[in-house]
Amino acid sequence: MSSIKIECVLPENCHCGESPVWEEASGSLLFVDIPGKKFCRWNPLTKAVQRMTMDAPVTSVALRKSGGYVATVGTKFCALNLEDQSVVALATVDKDKKNNRFNDGKVDPAGRYFAGTMAEETAPAVLERHQGSLYALFPDHQVKKYFDQVDISNGLDWSLDHKIFYYIDSLAYSVDAFDYDLQTGQISNRRSIYKLEKEEQIPDGMCIDTEGKLWVACYNGGRVIRLDPETGKRLQTVKLPVDKTTSCCFGGKDYSEMYVTCARDGLDPDSLSRQPEAGGIFKITGLGVKGIPPYSYAG
């Protein structure tokens, strides 16, 4: 196996960087800074960063088949245009919960945009419990609510055969699986496939590789872990020089590089001096596995 190399490729100083997505068409990495209310597109070749500031926390971003992007902003599913900096609301959720916001989101293989909510935090990972729900924005802009009683709706992805939906509610310290019906978007038969170890801390963002194994970013754990969803075993741990790793995706040529986002918020001055790259974008090469291209929202 080739040697693993970890480097901070963009010192962005995100309060809480999240939702990395590779955009093959532009050879760029998309990501957000949730408290910074920013959506960013970074081109590793030219080093150019395009930024777009919102009026509410922007928590996830995804590609859109018809062009531009979709994002979760506050409690709204929105369409974004980076060129003219426009934001168009497509749907709103949790109207009865004024203290809620979206968190992580991702598009399924049929082009539906799944995203979940949570209560606003009073400090990182400190919040009113059981206030969140999981939703999906269908291509016709209708919203389906799947379940509620969620603490921090987080990482999500689908198995390579599209028959299993993987999902993380962070404060359950578990990676869960559901049976998935791609035709209808229905989920059923929830079960836990991996419980995090104490030193792994809080499960956050997640992605899948071409071997069907899951990669989970561990918030406060300073690592990404590779899991076998069939055996429930951890296969690999890759530690980063920052504590608050938040999410991960594959990208670059052939999707052979992993990009990892992280946070600065919640670190005291002493911790920040020890990890000056906190809030940056990290690239991991030499993992010996590849990812799959992200799906695009079909609406």
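Using N, Cα and C of the backbone, Cβ positions are placed for all residues, glycine too.
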Site-mate of Glu18, Asp204 for divalent metal cation in Swiss-Prot, selected among Asn81, Asn99, Asn154: Asn154
Residue among Glu24, Glu121 sharing the substrate site, where Swiss-Prot lists Arg101, Asn103 as binders: Glu121
Asn103 (substrate binding site), number of other Cβ atoms within 10 Å: 25
Fewest-neighbour residue among recorded positions, criterion Cβ within 10 Å, set Arg101, Lys244, Lys253: Lys253
Alpha-carbon spacing, Glu18 (divalent metal cation binding site) to Lys253 (N6-succinyllysine), which is rounded to whole Å: 21
Integer Cα-Cα distance in angstrom, Lys144 (N6-succinyllysine) to Asn103 (substrate binding site): 16
Other residues, Cβ within 8 Å of Glu18, Asn154, Asp204 Cβ centroid (divalent metal cation site): Ser19, Asn103, Asp104, Ile152, Gly155, Ile168, Ser170, Gly205, Ala217, Tyr219, Thr246, Ser247
Inter-residue Cα distance where the pair is Glu121 (substrate binding site) and Lys244 (N6-succinyllysine), in Å: 16
